[in-house]
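Asks: Relevant sequence annotations retrieved from TrEMBL are reproduced here:
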BINDING   ASP103, VAL106, GLY108, ASP110, SER112, GLU124  Ca(2+) 1 binding site
BINDING   PRO199  substrate binding site
BINDING   HIS229  heme b binding site
BINDING   THR230, ASP281, THR284, ASP289  Ca(2+) 2 binding site
DISULFID  CYS71-CYS151  disulfide bond
DISULFID  CYS104-CYS109  disulfide bond
DISULFID  CYS157-CYS358  disulfide bond
DISULFID  CYS236-CYS268  disulfide bond
DOMAIN    61-362  domain 'Plant heme peroxidase family profile'
SITE      ARG98  site 'Transition state stabilizer'
TRANSMEM  35-55  transmembrane segment
Amino acid sequence: MQAQKLITETSELLFTSCRGTGRAWPEFRMAAGVLCFRVFALSMACLLLAVPLLVAQDPSKLSLEYYSNTCPNVEHVVRTEMECAVRADTRNAALMLRLHFHDCFVQGCDGSVLLDDTATMIGEKQADQNVNSLKGFELVDKIKEKLEAECPGTVSCADLLAIAARDAVVLVGGPYWDVPVGRLDSKKASLDLANSDIPTAQQGLLTLIAKFWQKGLDATDMVALVGSHTIGFARCENFRDRIYGDFEMTSKYNPSSETYLSKLKEVCPLDSGDDNISAMDSHTSAIFDNAYYETLIKGEGLLNSDQEMWSSIAGYSTADTVNKYWADPAAFFKQFSDSMVKMGNITNPAGGEVRKNCRFVNT
């Protein structure tokens with residue numbers, strides 16, 4: 001909680017300094033730019049000192065051959081179930097990818113996001129960024145059931161998510177990467193960490209960079225991983241602030257296309273329709289490609305956190321990376337694959353287990 005408070009206070013300080021009279025970033029005077037740069041540099045230094053990093057674990061602890069003797073068909077089992085699920089509804093690809101991301105950002109990649117509430121523990125499913133929006137648990141149950149039939153008590157739920165996320169991307173046209181495995185499942189979940197560590201749709205660039213750095217992921221990883229928004233949808237309550245204007249603002253006020261903005265307001269009224277949805281990539285939402293970055297360049301990112309990728313702070317710009325990925329889809333696919341492996345290696349707690357049921361710890 002102290003780390004989250006520091007991130008929030010730092011972000012407010014930066015944006016108060018940089019907003020000035022409300023003019024757009026390019027119009028600031030040189031003195032304001034120097035001030036913002038100093039605030040940014042100091043803020044990031046403080047964050048890195050104050051927030052313990054969950055860094056990528058020793059790669060030797062994960063292996064491509066981990067299940068070669070104990071469950072050699074693990075990838076085939078997961079792939080078969082994912083093929084059926086994505087064939088039935090392409091949105092299932094986005095659901096599994098999001099589950100893996102939300103898992104890794106809390107305590108590392110340990111399957112904690114899958115735990116149901118119990119009499120003694122409130123799980124992460126009730127976190128602000130998960131409740132009413134994180135789905136796909138029934139699909140996880142189905143895959144786990146198949147794995148338990150194939151090789152009982154062998155494949156962790158955390159590994160299941162990592163493999164399924166990769167297959168989800170491939171099945172909708174995205175890149176393939178080898179998934180190192182050997183993770184264990186946590187015996188606990190953390191509602192507090194889920195609320196503080198998972199990036200939100202309303203946050204600004206500084207806050208987003210800090211949250212990714214906290215996990216050992218840099219700005220390049222961040223822009224690549226956010227590219228996963230090329231598939232999937234967002235609920236109205238997560239983009240209402242962007243289209244009506246109440247968020248941390250580095251980028252433009254709201255979608256620059258009046259036509260697009262009008263369509264979003266039809267989907268998402270000011271005072272109702274929280275559960276209404278809109279595609280995060282309005283052009284090719286069922287295909288994993290680089291079209292998402294074009295929406296950012298046009299100022300049509302659905303979420304404020306999306307559009308923040310096309311912005312800069314004190315001369316530090318992620319817009320160049322957005323440009324690169326839009327111009328070179330191969331570069332995006334390569335970096336996305338590398339960043340997914342890096343995220344998948346985030347340290348998970350010691351003393352884990354292989355759950356028999358992903359919703360509950362073993363008894």
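Using the three backbone atoms N, Cα and C, a Cβ is placed for every residue, glycine included.
Note: TrEMBL annotation is automatic and uncurated.
Note that the coordinates shown come from a computational prediction; the quantities given were computed from them, not determined experimentally.
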Asks: Using Cα coordinates, what distance in whole Å links PRO199 (substrate binding site) and VAL106 (Ca(2+) 1 binding site)?
Replies: 11
Asks: VAL106, CYS157, CYS358: which of these recorded positions has the sparsest Cβ neighbourhood within 10 Å?
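Replies: Counting other Cβ atoms within 10 Å of each of the recorded positions VAL106, CYS157, CYS358, the minimum falls on CYS358.
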Asks: Averaged across the domain 'Plant heme peroxidase family profile' (61-362), what pLDDT does the model get? Just tell me the whole number, please.
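Replies: A mean pLDDT of 94 is what the predicted model shows over the domain 'Plant heme peroxidase family profile' (61-362).
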Asks: May I ask which of the recorded positions CYS104, ASP110, CYS358 is closest to CYS236 (disulfide bond) if we compare their C-alpha atoms?
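Replies: Closest by Cα: CYS104.
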Asks: Using Cα-Cα distances with a 10 Å cut-off, which of the binding-site residues GLU124, HIS229, ASP281, THR284, ASP289 are near CYS109 (disulfide bond)?
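Replies: Within 10 Å of CYS109 (disulfide bond): none of them.
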Asks: With GLY108 (Ca(2+) 1 binding site) as the reference Cα, tell me which of the disulfide-bonded residues CYS151, CYS268, CYS358 is the closest one.
Replies: CYS358
Asks: Sequence gap of 6 or more, C-beta under 8 Å: which same-chain residues meet both conditions with respect to CYS268 (disulfide bond)?
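Replies: When sequence neighbours closer than 6 are ignored, CYS268 (disulfide bond) has CYS236, PHE239, ARG240, ILE243, ASN276, SER278 within Cβ distance under 8 Å.
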Asks: Which of the recorded positions listed here (ARG98, ASP103, CYS104, VAL106, THR230, THR284) have a Cα atom within 10 Å of the Cα of CYS358 (disulfide bond)?
Replies: none
Asks: If you count, for each of the binding-site residues GLY108, PRO199, the other Cβ atoms lying within 10 Å of its Cβ, which residue has the minimum?
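Replies: Among the binding-site residues GLY108, PRO199, the lowest count of other Cβ atoms within 10 Å belongs to PRO199.
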